[in-house]
């Protein structure tokens, strides 16, 4: 599959726990693996300082393990007190099983492997100067980067308690300032899994040698370059502050390190946490996911948590990070493109995309070949026939091998090729991926590649050239369009919660880059750039966290749920006079693609707190022990007192999973008036756009707010009426509450059982 530059996704790996059996069936030695041990709050040791807490958990371990399983002696390398209650240690399978059998232990979870999540921006967060955004990623590269330069106009943040950690390769006193206020790194879980970090390749420090963390941090809160050049006085703010938490390394990162980063960020007092990490393959249940558990702990402390939706689109049910306490962000385009035109010998032209900025090919057409005819259809390194490739343009196919688009171009260059044309996968539809190739090369969409291939096969002397247009800012094609790679809903584990929540710019985003790596991430590429252009929901996520930082500054008393509500209900799914489109299909996008729209005085908010999220977990059928992983209160949650369904969670959108064509579903909501201009009196009425095949009833038909009544409840009943209509799997609508000034919009997404739908994809919305 083609690489999205900066495309990072979580790889779930089962813990490798195996006994090394000796003669006679006895075990001479047992393999050890890392486990996260969640301890019941009532049994957890107390300590005034973090390093003392780890020592206390070592004593807890010694007291908990009988002699029969005491060896090899386990050692705690992380202790958690805020994002979770418990520790991470290296244990044998028998030790882990014994601990899980204890009443004092809630769960023993294998330490899953994660990887960094990848593939002219309308961001306005410059007023959020006292807000600190915690970025959990690959670290940060502040050396010579204006995005993270010190600003004399910024006083120290009032409530931040964190710091920058110095190492031989990261001089905290030189690199950190009143813009970059925190920098830490976490590696013990990673080294327990993969062995010692090779410091000739990576920096065991907060320093980013990969680029992804630097890019996302500068997108979220970096100082605008033009603003830095023009700054004459302190009238210009430089946006929110940044605290970087490095958890991702060469082979990725592990849950214990990520959970520790959450723990530290909460202790440091950040206002917003962002992580661009998400699953590929099986999506873990919330109680199995260190990210979801850590995010719950942060939200309970009033910290807004945003996350990328994932880059596994355009298939349905691929969206990641779907916990309702997390703001989940999809990716869409902006009005800036980097077109490159392939011109064939017969005069046909095909416009694709490229970030190549070197010496162009020129107007004269040169020989064009298909990679499958010259050694390797996928343009694999070392497999192309240099004699047949030399001086020619090569059309490279797509395939399911671990190979990036840049690596395809590199393989052509190494074989002596003059240029390359790299196609996108068929599922990507209208999207051609822009890549910083090391030779003249362009990405083209699949349908155009098929035409180029046919031209090669039907002409005796096929030839072509590539024209590089550069940067184009235009309203044609319209933007935003949902990126083909952006993961789609519905949520697999909670289909009644509409995910993703919002969409934001995530295609061809320009931001700061590491000085330790090339723009293509190829070892052979000696180029170094202060800024780079990459794509992915990882790039979209920081745009939203920047806006969330501004809302946190303006409304410091709002809960994370209220901030999410403001983002979702004031978003729009219309831009430049038309609907948001889907690049994968060329058709109108739907809320499973973009959520509530593009991400600002909301009028009303849908609020929720930790108790509401516990009710949500109860409605999912979680056990008391599983819920205690989030609440950290031991097995005391009594779900029998929670009568709500998953669909009753006070979410700013409605997602309905019908069980039949005639099913009836009722969901309940509570809204709070937060408009300071009309407060305390306001009257809202609903405008309902029913999804096709669904009758929607809202009661009451009017919401009156006063000083004595700042919150109001309402119910929505959804009645399926699909009989006699063309059956589709999904349908969409909306409820908009308005007082004549505000539009508080909630998306409606309904799903019918797959068994009662027409199978063809063409019948899907």
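Each Cβ is built from the backbone N, Cα and C atoms, and glycine gets one as well.
The structure displayed is predicted, hence computed values, not measured ones.
Per TrEMBL, the feature signal peptide maps to 1-22.
Across the domain 'Inhibitor I9' (34-117), the prediction's mean pLDDT works out to 92. Taken from TrEMBL, the feature domain 'Inhibitor I9' covers 34-117.
The domain 'Peptidase S8/S53' annotation in TrEMBL covers 130-595.
TrEMBL lists 137 (among others) with the feature active site, charge relay system.
Taken from TrEMBL, the feature active site, charge relay system covers 212 (among others).
Annotated domain 'PA' per TrEMBL: 367-451, in sequence order.
Summarising the annotation, TrEMBL assigns active site, charge relay system to 538 (among others). Residue 538 (active site, charge relay system) has a Cβ environment of 37 other Cβ atoms inside 10 Å.
Under the heading domain 'Subtilisin-like protease fibronectin type-III', TrEMBL lists 648-750.
Between the alpha carbons (Cα) of residue 538 (active site, charge relay system) and residue 212 (active site, charge relay system) lies a span of roughly 8 Å. Taking the Cβ of residue 212 (active site, charge relay system) as centre and 10 Å as the limit, one finds 29 other Cβ atoms among all the protein chains shown.
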